[in-house]
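Quick look at what TrEMBL annotates:
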- 17-262: domain 'Thiazole synthase ThiG' (DOMAIN)
- Lys109: active site, schiff-base intermediate with DXP (ACT_SITE)
- Gly170, Ala197, Gly198, Asn219, Thr220: 1-deoxy-D-xylulose 5-phosphate binding site (BINDING)
Amino acid sequence: MDTIDTDTARAVTGMDIYGRRIASRLMLGTSLYPSPQMMTDAINASGAGIVTVSLRRESGEARAGQAFWELIRGLGLDILPNTAGCHSAREAVTTAQMAREIFGTDWVKLEVVRDAETLQPDVFGLVEAARTLTGEGFKVLPYTVEDLSVADRLVEAGCRVLMPWGAPIGSGLGLNNRYGLRQLRAHFPEVTLVVDAGLGLPSQAAAAMELGYDGVLLNTAVAKAGDPVAMARGFALAVEAGRLAFEADPMAPRDMAAPSTPMLGQAMLGDVGGPGELR
Ligand SMILES: CC(=O)[C@@H](O)[C@H](O)COP(=O)(O)O
């Protein structure tokens, strides 16, 4: 990092969330870790600036939830409450309102999911909930699909950050529709775009960043790795590498070969000096 200029370094390492500069482009979830200590170590190793927390977990397990909250607060990071597990706009709005009180933040990662098999966002409920919440002063980060019309509706509803899925939550499949994600980036150059969900490997996070995405959000790939701390570090490096590549203006791919070694003369085999000697 110390061989690139300061502006580039800033662009590589920070992203904008509703006017706040966040030091890292990686956001991590806080579920599924083998132990609270492992979660803390993995989050620290990732360098994430934002962690997302499910309110349902907090209120569902009263005592364990309190200890968990203390742990999260001790990390000193920005908290992004999410509405995971909500199946309607109404449920998501109520959950977001409770989250604002509990966590003291206007940010909400808005999830409205209908289909249990794919956990695909319910885009109708999502837009409805986003409109209501922005009207109440929330800063909404919707978990969405890569569809341009839906994205447009969400922006119209007041969302300044969009979080399209890479693949179904917990699948680890990576970027299922790279073309759609690229289109979304091209259509919304001013919107902060974060790939959320479905990433299984650091290379997939790097690929999202190479498309010009501002950041990635993931959980399962780190929490379920054999070594969550090492995997968290791997994702952190991949996110920086991918962003750096995007900033570096990559070469255009081509179908035909193009020699990378210039031919300035012709090498000739010597007849007295031994094999391979040049004259
Ligand atoms: C924690 C959280 O917000 C998840 O709902 C998120 O979408 C991450 O998905 P993965 O677990 O697939 O990374």
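Just so you know, glycine gets a Cβ as well, placed from its N, Cα and C.
The structure, with features from TrEMBL marked on it.
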{"residue": "Lys109", "record": "active site, schiff-base intermediate with DXP", "DSSP (3 states)": "strand"}
{"residue": "Gly170", "record": "1-deoxy-D-xylulose 5-phosphate binding site", "DSSP (3 states)": "coil"}
{"residue": "Ala197", "record": "1-deoxy-D-xylulose 5-phosphate binding site", "DSSP (3 states)": "coil"}
{"residue": "Asn219", "record": "1-deoxy-D-xylulose 5-phosphate binding site", "DSSP (3 states)": "coil"}
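Distance noted between the C-alpha atoms of Gly198 (1-deoxy-D-xylulose 5-phosphate binding site) and Lys109 (active site, schiff-base intermediate with DXP) is 16 Å. Take the mean position of the Cβ atoms of Gly170, Ala197, Gly198, Asn219, Thr220, the recorded 1-deoxy-D-xylulose 5-phosphate site; other residues of that chain with a Cβ within 8 Å of it are Gly29, Ala167, Pro168, Ile169, Ser171, Gly172, Leu199, Leu218, Ala221.
For the 1-deoxy-D-xylulose 5-phosphate site, whose binding residues are given in the record as Gly170, Ala197, Gly198, Asn219, Thr220, the maximum C-alpha distance rounds to 9 Å. Within the model, the domain 'Thiazole synthase ThiG' (17-262) carries an average pLDDT of 94. Fewest Cβ neighbours within 10 Å among the binding-site residues Asn219, Thr220: this applies to Thr220. Packing around the residue listed as 'active site, schiff-base intermediate with DXP' is summarised by its Cβ count: 26 other Cβ atoms lie within 10 angstroms of its Cβ, all protein chains included. For the pair Gly170 (1-deoxy-D-xylulose 5-phosphate binding site) and the residue listed as 'active site, schiff-base intermediate with DXP', the C-alpha distance works out to 17 angstrom. Residues near Ala197 (1-deoxy-D-xylulose 5-phosphate binding site) in space but far in sequence (CB under 8 A, at least 6 apart, same chain), listed by position: Leu119, Tyr143, Trp165, Gly166, Ala167, Pro168, Ile169, Gly170, Leu217, Leu218.
Looking only at the binding-site residues Gly170, Gly198, the densest Cβ neighbourhood within 10 Å occurs at Gly198. Separating the Cα atoms of the residue listed as 'active site, schiff-base intermediate with DXP' and Thr220 (1-deoxy-D-xylulose 5-phosphate binding site) is a whole-number distance of 17 Å.
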